[in-house]
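Chemist: The structure's right below; bear with me while I get my questions together.
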There are 2 protein chains.
Amino acid sequence: MSLEVTPQTMSFDEPLPMRSGSSLPAYSLTYETYGTLNERRDNAVLVCHALNASHHVAGVYAGQPKSEGWWDNMIGPGKPVDTDRFFVIGINNLGSCFGSTGPMHVNPETGRVWGADFPVVTVEDWVDAQARLLDALGIDKLAAVMGGSLGGMQALSWTLQYPDRVRHAVVVASAPNLTAENIAFNEVARRAIVTDPDFHGGHFYEHGVLPKRGLRIARMIGHITYLSDDVMNEKFGRELRHAAAEGDAYRYSTQDVEFQIESYLRHQGDKFSEYFDANTYLLITRALDYFDPARAFGGKLSAALAAAQAAFLIVSFSTDWRFSPKRSREIVHALLDNRRRVSYAEIDAPHGHDAFLLDDVRYLGVVRAYFEGIAKELMQ
Amino acid sequence: MSLEVTPQTMSFDEPLPMRSGSSLPAYSLTYETYGTLNERRDNAVLVCHALNASHHVAGVYAGQPKSEGWWDNMIGPGKPVDTDRFFVIGINNLGSCFGSTGPMHVNPETGRVWGADFPVVTVEDWVDAQARLLDALGIDKLAAVMGGSLGGMQALSWTLQYPDRVRHAVVVASAPNLTAENIAFNEVARRAIVTDPDFHGGHFYEHGVLPKRGLRIARMIGHITYLSDDVMNEKFGRELRHAAAEGDAYRYSTQDVEFQIESYLRHQGDKFSEYFDANTYLLITRALDYFDPARAFGGKLSAALAAAQAAFLIVSFSTDWRFSPKRSREIVHALLDNRRRVSYAEIDAPHGHDAFLLDDVRYLGVVRAYFEGIAKELMQ
């Protein structure tokens, strides 16, 4: 049984200063909560989302039994992050397209849709905004902050920006910054969007069109990097799309679908282009590119992480080539250099980066055990 | 000193039947030769090219000292494939855009430019066309056929289609077929081209435009897969484009170049879109997708390679994730199952798939030693 949940929205009038030097004059954050905040207000867990996810982390919406949140296998009553014990919060990030203030909204200072003029947001800005929501909810200190991929970067950044507001940080399938290859994939996706004639310099809303071609390509590229080579071969291999009907014969076409993997990718691209905002895609991939806490410390991650006071659970997956285990180990080593409490699990899973969203007994078991430890700590 | 060379063209009037069921009514092949065919006509080496290369394998054109062929470090007087001993032939493949009949030429049966109606070409069709050119040159049996990447697939296919016309096959950085991930990258590139409004269903020539947006994206994606993660980090890392001028500060922009790797990729994409034909890109990536000699043998590569009579040199590179060493080892094992003569070198090189074009002392040494062996064999 999944929880039935309702999203909420909170508006903020005080401007949010941002790392780019801009500031958001006023904004609102859409969020959901699961479970109950206890009297000591110390059982809150903040879940940060990655590129294309949202505040809808767990549970379902009334009358929509298939609307499970993106981490519903992880979070809920009796689940690894047990909402019978913890008060879990999901927040849609600024610049996203699922409710919180983003490029499709109106800039109150100009009366026009932000579009491409939405200020460049960083992981640090998101964390600042999340902290203001926690202030408003009366939560001084989080039992834990957690996230996978870009969400893991936010969890890590929380421990550096607000070290005394975080007991535990759970950083899954993440990295201390992007590699050149990671940036390269983001850049190709952005170029596909920006050079789509329907993008109109990011002001496509005014033209009544959407740069769907570019979004499709961006999503197809992304999807390849979420999966491992092995799992793609296992799921699709060289199987033909119409093999059943046509006796496994090649059709010999350069533009029609021939292989199953092509069909799958086109479908993923089409779906994505229907619901995702193009400016949001640019903003969020840039937030990924820019994140680099070691940068202010001459590239020394150990020096950057000296500020952290939290205890950490770091998890990586063996076949994740987007954020490989090597990158997680860099975080682990930098924390150990600072004599921080770190647990590290490197899960031997075949699914690549996507593994952080999937059911893997060992992975879910590790997170469950870690949160049971947190629950015990809170009872002391 | 590089050889001075001149491309030649040979026309064929007899139709070429193709694996797709179509046939090319008439066609011409552009080629170059280096060195001298000996009296026994047994010292010929055919070099097959990969996606974006051509017949211009070695040497330079008169008055153009920087026009070196794409494998000029490998082939020439005194080089690993020594043109003082061997008669080397480079042929531009059908469907390409560097001289041989391709989609930008006129279909003699309709009087219109082929465009997207150019018949789908396969590795096997290319080999058939290459064999006809050798017939015309009076070469019955090759001392060796060689190629890297897609060129290696052609070399392998030669040993299966014309087993008694090949003494040696040199297959570098190649694979017995594409994986689902390989096909996926090709498909994204094709979708970028086909959905570019300037593609006009492949008949852009008539509209006086070129689908440059799509070609740029295709090339950027390709380029990422040619390099290793490590070499990208070493060459570009997270270096900023304007760091020198601006004191290493982020510019905070979603559309402008921020990192060096972005600048590099955009430049590669721009250059490529100026000279490469969009329909050729579709045709050649499809030839890659379709190549699969084991397919007719229920996926059993050993059964497929039973036809080969040649001796083989197989070379792979440790950081090549596009055509990984594992794929080369599949070929080696299948040849050993058939008790064929096989030498295998797995070169520990940092450069990824691109390594097959670069100077690596061990790699070039292995090829040199192998061709010295062939030269000795021919003197017996």
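Heads up, the Cβ atoms here are built off N, Cα and C, so glycines get one too.
The shown structure was predicted, so the numbers you read here are calculated from the model rather than taken from an experiment.
The following feature annotations were taken from TrEMBL:
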ACT_SITE  A:Ser149  active site, nucleophile
ACT_SITE  A:Asp320  active site
ACT_SITE  A:His353  active site
BINDING   A:Arg219, A:Asp354  substrate binding site
DOMAIN    A:43-358  domain 'AB hydrolase-1'
SITE      A:Arg322  site 'Important for acyl-CoA specificity'
Chemist: Cα-Cα separation of the residue listed as 'active site, nucleophile' and A:Asp354 (substrate binding site), in Å?
Modeler: 9
Chemist: Tell me, in order along the sequence, which recorded positions from A:Arg219, A:Asp320, A:Arg322 have their CA within 10 Å of A:His353 (active site).
Modeler: A:Asp320, A:Arg322
Chemist: Using DSSP and three states only, what is A:Arg322 (site 'Important for acyl-CoA specificity')?
Modeler: coil
Chemist: Between the recorded positions A:Asp320, A:Asp354, whose Cβ has more other Cβ atoms within 10 Å than any of the rest?
Modeler: A:Asp320
Chemist: Report, as a single number, how many Cβ atoms besides its own are within 10 Å of the Cβ of A:His353 (active site).
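Modeler: So the number of other Cβ atoms within 10 Å of A:His353 (active site) is 23.
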Chemist: May I ask for the distance between A:Arg219 (substrate binding site) and A:Arg322 (site 'Important for acyl-CoA specificity'), taken between their Cα atoms and rounded to an integer number of Å?
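Modeler: Cα-Cα distance, A:Arg219 (substrate binding site) to A:Arg322 (site 'Important for acyl-CoA specificity'): 15 Å.
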Chemist: Across all the protein chains here, work out how many other Cβ atoms are within 10 Å of the Cβ of A:Ser149 (active site, nucleophile).
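Modeler: The Cβ of A:Ser149 (active site, nucleophile) has 26 Cβ neighbours within 10 Å.
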Chemist: How many Å separate the Cα atoms of A:Asp320 (active site) and A:Asp354 (substrate binding site)?
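Modeler: That comes out at 8 Å between the alpha carbons.
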Chemist: Would you mind reading off the Cα separation of A:Arg322 (site 'Important for acyl-CoA specificity') from A:Asp354 (substrate binding site), to the nearest angstrom?
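Modeler: Cα of A:Arg322 (site 'Important for acyl-CoA specificity') to Cα of A:Asp354 (substrate binding site) measures 10 Å after rounding.
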